[in-house]
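K.L.:
Positions annotated as active site by Swiss-Prot: 413. For 58-59, 136, 182-184, 202, 207, 245-246, 266-270, 276-277, 325, 495, the entry in Swiss-Prot reads NAD(+) binding site.
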């Protein structure tokens, strides 16, 4: 570390990490080269929010606990054999054990706490002592692909909002939101893709500038009047990054009787200490206060969140389609006395759950070669294999035209149980026959149909009341391990913060081998099938129909399913 960084082992401004490209391996096989490259890709300065501090996205979502741990993980992956498995505990490599060639090469557990102690206060104490790391969802599981990772899900949500509230017509309408970080930064592009204009309030000017450079936001404004004028005067959908405090701007719109068509938020409200700037505070003052009085920061942040949520509720009563986009801001406001904070819905029960019932979710893949042509070829293969889905084809065309790759070229594409395995097998065959220059890794967000328990987000309002049952993501992780995913992760607190979620992830490497084909057959079937199982078990008819069509064996439901075939 450089001298100026003092004692913080997580900060090193001298380091610049980029994933290797091409076909020369640093590790002993592609099965260990894959996690090595994707770990490094998470910390590429074109990908990560604060790479020098190992922060990938989502407040303090890290890829490794500290730089010594990062270096040791790299060292181990370079020497790991194909019958060994590396264990990673909250970003720290803690053991290498003998397994077998079809076992995962890496097993990861991040941020998990015994429920009674599963809160930010206890986590932050452990974090300060170097005993824990916040892994968010795809930060600590090494499958973050930049803002593209959530663009399609956000796009699908905005399209669904247009259908539900505006008869499918987005023209001339605009969205108000907050936050342009790693997740929130996807919102402006998703909105304009769906035909809406957007004003996105962000307190960190560097984030607005970054989204401008990468094409995720169109314009920058420093006053609300300027932002409103840009939206009003544009004949086509336009996105504006507005420098300001979300609570201030949302409240000002209420006071001025200006009502957006859609209102949402993607600030890092899940982490009141590190993720939300209190009203009246500068970025520098907030950083100083985090060192001096953490409780004061948390209190001030949550008070400001309450102001913002009250404004969102007021805009809802005036006709705005208002939705929570999964950052737990409603819960924070509720704890500050806003008793009706949950009067506006979360985006999953309102718009996404029917997709989850069919195992449809954020399937993603990355080209380990580093060559964009590998992604373009896989885009075409998806179109060939799913020829009768013009909506999906339109997404792929828009993605190629409008989304800049960050780090290793990658693609996000929402597909479900009936398609994931087929696509994985096709990609593996393309590697085998040389159509692609190097292997592909396939993963997903932890925000998926069967891999998360999050009562204020993905599992909000389950029809059987099982919102908080977290057996499901644990079973998902166990099954993906048994099936032979290349690496598997089990996390706590992603998206909505400590105490509010448990979730699992998997990544599988398509290296062109027959062994990979067998693993793909298991993993890319079983993984989405757990989502169909979970929703069928909760009573959703769409999930039961999908389970019957796909021949799932669900012992307590098989008699009912047999009548649906």
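Yeah, the Cβs are placed from backbone N, Cα and C, and that goes for glycine too.
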K.L.:
Please report the three-state DSSP label of residue 413 (active site).
P.N.:
strand
K.L.:
Helix, strand or coil for residue 202 (NAD(+) binding site)? Use DSSP.
P.N.:
strand
K.L.:
What is the interatomic distance between the Cα atoms of residue 276 (NAD(+) binding site) and residue 413 (active site), given in whole Å?
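P.N.:
Rounded to a whole number, the Cα-Cα distance is 30 Å.
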K.L.:
So among the recorded positions 246, 413, who's got the most Cβ atoms within 10 Å?
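P.N.:
When each Cβ's neighbours within 10 Å are tallied, 246 leads.
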K.L.:
Can you check which residues sit near residue 495 (NAD(+) binding site), meaning Cβ under 8 Å from its Cβ, same chain, 6 or more apart in sequence, and list them in order?
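P.N.:
Residues satisfying the criterion: 58, 136, 137, 270, 326, 327, 328, 446, 447, 454, 457, 501, 503.
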K.L.:
When DSSP states are folded down to helix, strand and coil, where does residue 246 (NAD(+) binding site) land?
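P.N.:
Helix, per DSSP.
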K.L.:
Quick one: of the binding-site residues 182, 202, 268, which has its CA closest to the CA of the residue listed as 'active site'?
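P.N.:
Going through 182, 202, 268 one by one, the Cα closest to that of the residue listed as 'active site' is 182.
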